[in-house]
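Student: Submitted below is the structure of interest, expressed as structure tokens.
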Amino acid sequence: MISVLKGMKDRYSDDVKKYDLIVDTAKSVFEKYGFERIITPILEETELFRRGVGDETDVVSKEMYEFVDKGNRNVTMRPEGTAGVVRAYLEAGFHKSSPIVKWFYHGPMYRYEAPQKGRFREFHQMGIEMFGVRSAYLDAEIIRMGCEFLEKLGITGLVVEINSLGNIESRKKYIDDLKAFMEKRLDKLSDDSKRRYTTNPLRALDSKDKGDQEQFINAPKLYDYLDEESKNYFENTKRYLELMNINYVVNDKLVRGLDYYSDTVFEIKSNKLGSQATVLAGGRYDRLLEILGNAKVPGIGFAAGMERIAMLMDENLIAKKENKIYVIYFDETKEYFVKIVEELRKNGIKVNFDYNPKSFGAQMKKANRENADYVLILGEDEQKENVITMKKFSTGEQEKYSFEQVLKHFERKSLEK
Ligand code: ATP
Ligand code: MG
């Protein structure tokens with residue numbers, strides 16, 4: 001037998017119900033803030049991610065599903081959503097005509113990494129990108145929208161962490177000093193951080209290694225290197241968050257580790273996910289469109305891992321509220337059954353039944369096994385009298401009704417939901 005690939009998963013039943021609920025919730029929240037959905041291809045030119053995510057990142061250097069297609073193009077299954085969305089924006093020329101655009105997306109992402117709890121090779125992200133505006137109020141609003149989205153899904157115990165990376169110039173000076181700091185402790189740092197010392201020192205700051213974290217306790221602080229404008233921008237962003245009643249903590253080691261990020265970066269973490277704690281992550285990227293298309297357009301976005309959201313979702317949210325109806329009939333009453341089922345479905349009522357009905361007892365057993373709330377019995381007497389016997393499972397109450405009465409009953413029930 002051929003199995004699903006390592007780190008990938010078939011999704012059905014509750015997984016899909018949760019996926020759909022995440023999508024519906026995101027849509028209702030994001031649309032309120034003016035976002036519209038965009039769909040971009042899963043496959044892109046590899047170069048897009050090399051430039052858009054960065055050669056020196058783990059994602060690009062180690063995790064990409066990259067191959068040469070039949071036309072000899074170097075292509076990659078997208079590891080994240082931002083690069084493709086930015087490409088779409090630039091390709092359509094929005095930066096020249098109407099630069100302010102708000103988009104959201106969701107779909108599968110691919111990263112060749114070691115699978116573990118909350119970490120897969122095929123996973124799904126729900127994300128947003130907004131182009132054309134630089135404003136501290138907007139940054140707070142985007143974080144607020146991320147919180148609202150997760151809260152609507154019944155997720156609690158979340159912490160918003162924010163930091164400011166300032167601009168590229170102030171960061172250069174900081175990175176020099178950070179490297180000098182790291183150099184003195186290089187032998188005590190993990191292999192990953194040793195490597196990052198040369199490739200991406202900033203990223204070493206948010207190493208998950210406990211030993212590294214201890215070494216970095218007294219590392220120079222990025223905030224001290226920010227220029228006045230960036231400091232003000234950060235203070236304003238925090239002030240707006242307070243006005244919006246969003247609790248946050250400043251994490252001065254939170255870095256997204258990419259050159260194109262500027263000023264605001266943030267993560268929403270859960271205390272219920274162990275080491276894979278980040279549910280939603282994002283930031284402002286005022287240089288990304290310059291790198292990818294020579295356009296001076298600011299941007300901000302976030303992406304949330306849908307599997308991590310699903311792990312945190314309240315099961316009750318997806319519990320079915322509708323009544324489960326099981327229809328019992330017999331070979332002798334098959335035509336009556338067909339007629340009744342047609343009418344019920346025409347009226348939007350969902351029913352279940354046995355395609356090859358045996359005895360009454362056998363059908364009752366099945367109805368019970370499927371957790372039916374009601375059974376509708378269509379026996380020979382019912383057929384003769386043109387009625388339906390309705391039995392409520394929870395109470396055992398049972399009575400004959402006309403079709404119209406049964407219909408009214410379930411219509412009222414569906415209104416009560
Ligand atoms: P991490 O440090 O956990 O590897 P990251 O910085 O690589 O995270 P991002 O690229 O910022 O993650 O992706 C945003 C979100 O997507 C993450 O916060 C997480 O919820 C989710 N995510 C990232 N990689 C995976 C994965 N392999 N499996 C499941 N979810 C993932
Ligand atoms: Mg990662």
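Even glycines carry a Cβ here, placed using N, Cα and C.
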Student: If I go by TrEMBL, which of ARG73, ARG111, ARG119 binds L-histidine at the same site as GLU80, GLY81, THR82, GLN125, GLU129, ARG256, TYR260, TYR261?
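Tutor: Record check against TrEMBL: L-histidine site with GLU80, GLY81, THR82, GLN125, GLU129, ARG256, TYR260, TYR261, extra candidate from ARG73, ARG111, ARG119 is ARG111.
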Student: Identify which of the following binding-site residues, namely GLU80, THR82, GLN125, ARG256, TYR261, place a Cβ less than 6 Å away from any atom of ligand 1, and list them by sequence position.
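Tutor: Cβ < 6 Å from ligand 1, in sequence order: GLU80, GLN125.
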Student: In this predicted model, what is the average pLDDT of the domain 'Aminoacyl-transfer RNA synthetases class-II family profile' (1-313)?
Tutor: 94
Student: Once the chains shown are all counted, how many other Cβ atoms turn up within 10 Å of the Cβ of ARG256 (L-histidine binding site)?
Tutor: 21
Student: Does DSSP give GLN125 (L-histidine binding site) helix, strand or coil?
Tutor: strand
Student: Can you check which residues sit near GLN125 (L-histidine binding site), meaning Cβ under 8 Å from its Cβ, same chain, 6 or more apart in sequence, and list them in order?
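Tutor: In sequence order, the residues whose Cβ lies under 8 Å from that of GLN125 (L-histidine binding site) (at least 6 apart) are GLU80, GLY81, TYR105, HIS106, GLY107, MET109, ALA303, ALA304, GLY305, MET306.
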